[in-house]
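Take a look at the structure below.
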Amino acid sequence: MEPRLFCWTTLFLLAGWCLPGLPCPSRCLCFKSTVRCMHLMLDHIPQVPQQTTVLDLRFNRIREIPGSAFKKLKNLNTLLLNNNHIRKISRNAFEGLENLLYLYLYKNEIHALDKQTFKGLISLEHLYIHFNQLEMLQPETFGDLLRLERLFLHNNKLSKIPAGSFSNLDSLKRLRLDSNALVCDCDLMWLGELLQGFAQHGHTQAAATCEYPRRLHGRAVASVTVEEFNCQSPRITFEPQDVEVPSGNTVYFTCRAEGNPKPEIIWIHNNHSLDLEDDTRLNVFDDGTLMIRNTRESDQGVYQCMARNSAGEAKTQSAMLRYSSLPAKPSFVIQPQDTEVLIGTSTTLECMATGHPHPLITWTRDNGLELDGSRHVATSSGLYLQNITQRDHGRFTCHANNSHGTVQAAANIIVQAPPQFTVTPKDQVVLEEHAVEWLCEADGNPPPVIVWTKTGGQLPVEGQHTVLSSGTLRIDRAAQHDQGQYECQAVSSLGVKKVSVQLTVKPKALAVFTQLPQDTSVEVGKNINISCHAQGEPQPIITWNKEGVQITESGKFHVDDEGTLTIYDAGFPDQGRYECVARNSFGLAVTNMFLTVTAIQGRQAGDDFVESSILDAVQRVDSAINSTRRHLFSQKPHTSSDLLAQFHYPRDPLIVEMARAGEIFEHTLQLIRERVKQGLTVDLEGKEFRYNDLVSPRSLSLIANLSGCTARRPLPNCSNRCFHAKYRAHDGTCNNLQQPTWGAALTAFARLLQPAYRDGIRAPRGLGLPVGSRQPLPPPRLVATVWARAAAVTPDHSYTRMLMHWGWFLEHDLDHTVPALSTARFSDGRPCSSVCTNDPPCFPMNTRHADPRGTHAPCMLFARSSPACASGRPSATVDSVYAREQINQQTAYIDGSNVYGSSERESQALRDPSVPRGLLKTGFPWPPSGKPLLPFSTGPPTECARQEQESPCFLAGDHRANEHLALAAMHTLWFREHNRMATELSALNPHWEGNTVYQEARKIVGAELQHITYSHWLPKVLGDPGTRMLRGYRGYNPNVNAGIINSFATAAFRFGHTLINPILYRLNATLGEISEGHLPFHKALFSPSRIIKEGGIDPVLRGLFGVAAKWRAPSYLLSPELTQRLFSAAYSAAVDSAATIIQRGRDHGIPPYVDFRVFCNLTSVKNFEDLQNEIKDSEIRQKLRKLYGSPGDIDLWPALMVEDLIPGTRVGPTLMCLFVTQFQRLRDGDRFWYENPGVFTPAQLTQLKQASLSRVLCDNGDSIQQVQADVFVKAEYPQDYLNCSEIPKVDLRVWQDCCADCRSRGQFRAVTQESQKKRSAQYSYPVDKDMELSHLRSRQQDKIYVGEDARNVTVLAKTKFSQDFSTFAAEIQETITALREQINKLEARLRQAGCTDVRGVPRKAEERWMKEDCTHCICESGQVTCVVEICPPAPCPSPELVKGTCCPVCRDRGMPSDSPEKR
């Protein structure tokens, strides 16, 4: 009883506790200034105290709100009238509520609102009228609600909303119009545009959906396009004509117009609308015809018809009504008036006159100025001046003239220009004590004055603030109290323009570690977190490095925002020292820790499946490879993908064996993984499987052995120091004598950043959702089609097309990824082209989005690059799972490997054995010049000879020479350059044998390639900024790995694709088009026969240096030749080069673009607007946002291509960083770099620096006689071209060996690295050595052999010297004695015909033995050669491995599956 009594007492007290002296309405609750009258069945507005601030009348039966119902409640800020029965709100119902903020009218029965309903509610912020019966609104209804932030009109019956209904609601933040019956026709288009503007600027949330028409039902109004609104602005179909009428007659002016909605016809007389109500003589018919009855003299003048609807308006030409009377001189009906007009707008000086006959109107300007006929147009109603400029300022005179007289009237055009900013300041963040300078400039008429304010007031009197006469605000030494908002104002009599900027002043703070990482250990297969935190100003970015390679986000590694490194599924490769780097714009701090990975003893889950999985993997991989070979080489290719696969398929058996072993190794792990998952009782679907706890290290080593990974080529033998001190090995080994495989062919690409695979090991980005992302990566084909546009090519104003083609030629010297050996999936052998599943090696590109080619295929063929065994590490044992790496077939160095091959086997195939002069093989001579073409390849001709009349492929150091006519021409040029060099060197040194000539010529050609690249080509690409970053040569650094970086080969160096022109120009000697014409890019592919049949190499080369390059415009990055028509000359389905590059980057685990920005010390990226410094075009950033969703997912290549070019370069900031990094490594890590002291003599180096591509063209073109000095620079023909005789040459005389009597002939000694003391037989092949040694014994006694040892001999003629003969003879005798000793040693070595194997066991000549179960070895010519046996598919379902046999055994017969009895 007591609690109930207390409650009633409390309510009573509340009811009475209102404002002193003012009554609380009966049954209402009052508390201070709040009055609540709810659930009282009220049917009227009660009287409440005047000081009320909150009035709550909800849940009553109020039906009407009368006028001035709340007039005395000046303090009311909240009025709740919802949940009543209100049907009518009188005009001025809310009069006097100037302070009302919140008005609730929802859930009533309101059908209409008067346009004065909300008049005076100037402070209202929230208005809720939803859930009513509103059927229409008036444009002025919300006109006074300037501060309104929320307007809820949903769940009414609105079908139409008049234009301009929300035009004054500048503070609006939320607008709801959904759940109405909106008809989305032309009348509602204004609302769609308004809502689209809300969405674009982001300051207002709005909702509105279409109910009608049916086709738009449920669509958001903001999403409806202009075309879908089906609007048609008025179009005049019949215009009124001039008429002359006597007094009292009736006149008809006809006007017809069409439009949707039907336009309203309005008539204008002498620039004033006709008022039909005031003059009963006037009438407008339904068809728009104007009738004037009982005409008067006042009716004469100009009539104009205007048709208007919601989509726009249209006016007819003026029609004249002339009142017929007695002859009269002219008199003005309308005179021109002085007009003030803003610059850039248009205006009309109206001038019309009457008279009889009708007067002629003409115009003149004061001061004798003529009218501008292009902008000043005389019409029947006046003078129309369009696009007003400052020159239009002045006086214009209208002349009306007839036979009875002339009248004139003049008016002034006063041109005014309000202030407009020409330079606007930007927000700045600076360190204290740094200077700040804001530029602010404006134009206008009258000229505006620049005024600066701070936080709305004057600039501080104290401090270092200075406003220059130009309007620039300068703060000399910024301090903390200087930060805040500044405003630049451009002030003139026409108005004020303002722009605000924010200054943030931060104290200096370098990065400092707040938590250091500690040495720790982790078990194999476990995850581990390593903390590293730092602070600074700005907040430093934390990155982690391992062994000099930056760690990036992937399925293997994760670095959170605070800097903690997480390593998933730790393995032995993860052991080592890690660096934590804290970097901000003022510096960096580095600390490190050591991670130890400990092994888990015992068997792993996958060990039981090793034997069966390896057998299945061998069978599946071999079967798929054999199937692919049959498909590619037993017939001509059917598709462009077949052509590409055949063209790039490895020819070298060693490459095939290495790639096969890598595929077997990976596929075995995949099979084990699948079988372990099948045996688990826990469902792991959707979770990444962990590799390092899959199988034990012992089982991994077994898999590596059985797959062939450990049977790779032996480590290079660099013991022959005499050869390796002077010449390069063809395969690039032994360049770095401490790390012999650095930069060598058939090694894994290098990395700047750790690979970004989805599972951390092998799964590419693009399979499923990216790590930490909410949406999948866009299909590469979609990305490519966004950037590919068919547009006119913009020519480069500085450079020629040779710039791109030299890069293409150079790229083939540096890298060539080993492709997939199979284009059929391993699981069931089905071709990748017939399935669209990500089943190794298939990694197809989805094309389900709209494809411009119109193909219905759901995907495009793509097969992953072949993996390197154990990431290409040279270790003989494999005890852990490494991240997938790819193999580079080429040597990394700029050494002409695309001319000479990247292996000893290739180089031998290219040399001409018939001529012992160190020449390369030649093809038949080109008839006009007699210079040879490249020889034809003896392999399968199907890539090039697709038709019987076509020639086979050319034979060159790189098979890709046949890929394009320009490449074939460049290869022809350089093979001729070698033979030219070899011929001249042989003539200068007739005592040199063939191999010495070959090696010396090869060495010179390599130096020319280096010099042209770094001195002529790179400065054009990198400009002065990049050249400074690259810095000058400082000597060889053996600690630099010159290997090609994966991201450089896969993405950065593919920048040339954006420079490819869709047309290959072919020019004659005067740079005109040849008779055979130019070629589309795709028709120049795989067509070397065009060189033979259509003019040789000169027309192609002239098209490279005689035509401007393509300018890289972000709006037209790629030609459709590359994305839609590549290889379509021969096949119906083309290949998309751009999409392939993007997919290849994901295949290779190339990290996203933002990770490389961090590596290159650019600003970090959290959202797309953070890219505005490097990608200024907002439209491009919007495209990236639409494609990727998150900046952290952007692929490297497309981002590099859309970066803004650094002025004076052809690259953006990140691409510049990658270029400089790679080319520094290529130069500094090359022991044979041409500028490295000792590689060439100073005299030779001086001559090599005379080399130029222009000279090479002159010397080796078919018949090129004129060329510009620098073929990369655009030049005008003929004035900027030089005769070839004016181009500097490399003088080879400094390579001439000097004889013993050179001093008497006045000659000088000049031989590469003292080669005059070394016998060239050491660098010979076996045939050359045998020939040289046999000659050695039969030399006549009058010859003398001088040298350091028996392997280095130079033949000198015996002569007598007139001076110092005794000393010379003593030296000769001493040398002969040493020579005999060396000859005896050589002969003893030649008599030893045996070998020594890797275990130190002596072997006899021709002896054969088994090194391992699958490895056969033989001793031949003193050298051990081992071959790994390839097993055929087993004919039984469950073959087994038996110790002592190589291939699986079928138990049912107890014999190997490949034994002859089973065939």
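The backbone N, Cα and C atoms fix where each Cβ goes, glycine too.
According to Swiss-Prot, the features are:
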type     : residues                               : note
ACT_SITE : His812                                 : active site, proton acceptor
BINDING  : Asp813, Thr891, Tyr893, Asp895, Ser897 : Ca(2+) binding site
DOMAIN   : 24-50                                  : domain 'LRRNT'
DOMAIN   : 180-233                                : domain 'LRRCT'
DOMAIN   : 234-322                                : domain 'Ig-like C2-type 1'
DOMAIN   : 330-414                                : domain 'Ig-like C2-type 2'
DOMAIN   : 419-504                                : domain 'Ig-like C2-type 3'
DOMAIN   : 507-596                                : domain 'Ig-like C2-type 4'
DOMAIN   : 1393-1451                              : domain 'VWFC'
REPEAT   : 51-72                                  : repeat 'LRR 1'
REPEAT   : 75-96                                  : repeat 'LRR 2'
REPEAT   : 99-120                                 : repeat 'LRR 3'
REPEAT   : 123-144                                : repeat 'LRR 4'
Remote residues contacting the repeat 'LRR 4' (123-144) - C-beta distance under 8 A, at least 6 residues beyond either end: 77, 82, 98-115, 117, 150-169, 171, 176
With neighbours defined as other CB atoms within 10 A, the best-packed of the recorded positions His812, Asp813, Thr891, Tyr893, Ser897 is Thr891
Please report, as numbers and ranges, the same-chain residues at least 6 past the borders of the repeat 'LRR 1' (51-72) whose CB is under 8 Å from any CB of it. 19, 22, 33-45, 78-97, 104
Asp895 (Ca(2+) binding site) has how many other Cβ neighbours within 10 Å of its own Cβ? 28
What parts of the chain pack near the repeat 'LRR 3' (99-120), using Cβ distances under 8 Å and only residues at least 6 beyond its ends? 58, 74-93, 126-145, 152
Give me the CA-CA distance between the residue listed as 'active site, proton acceptor' and Ser897 (Ca(2+) binding site), in Å, as a whole number. 8
Residue counts (helix, strand, coil, in that order) that DSSP gives for the domain 'Ig-like C2-type 3' (419-504): 3 helix, 49 strand, 34 coil
Surrounding the recorded Ca(2+) site, with Cβ no more than 8 Å from the Cβ centroid of Asp813, Thr891, Tyr893, Asp895, Ser897 and those residues left out, we find Arg728, Gly732, Leu814, Gln890, Ala892, Ile894, Gly896, Asn898, Ser902, Gly1006
Per-state residue totals over the repeat 'LRR 1' (51-72) - DSSP helix, strand, coil: 0 helix, 5 strand, 17 coil
Let's see if you can do this one: DSSP helix, strand and coil counts over the domain 'LRRNT' (24-50), in that order. 0 helix, 6 strand, 21 coil
Three-class DSSP assignment, Asp895 (Ca(2+) binding site), comes back as coil
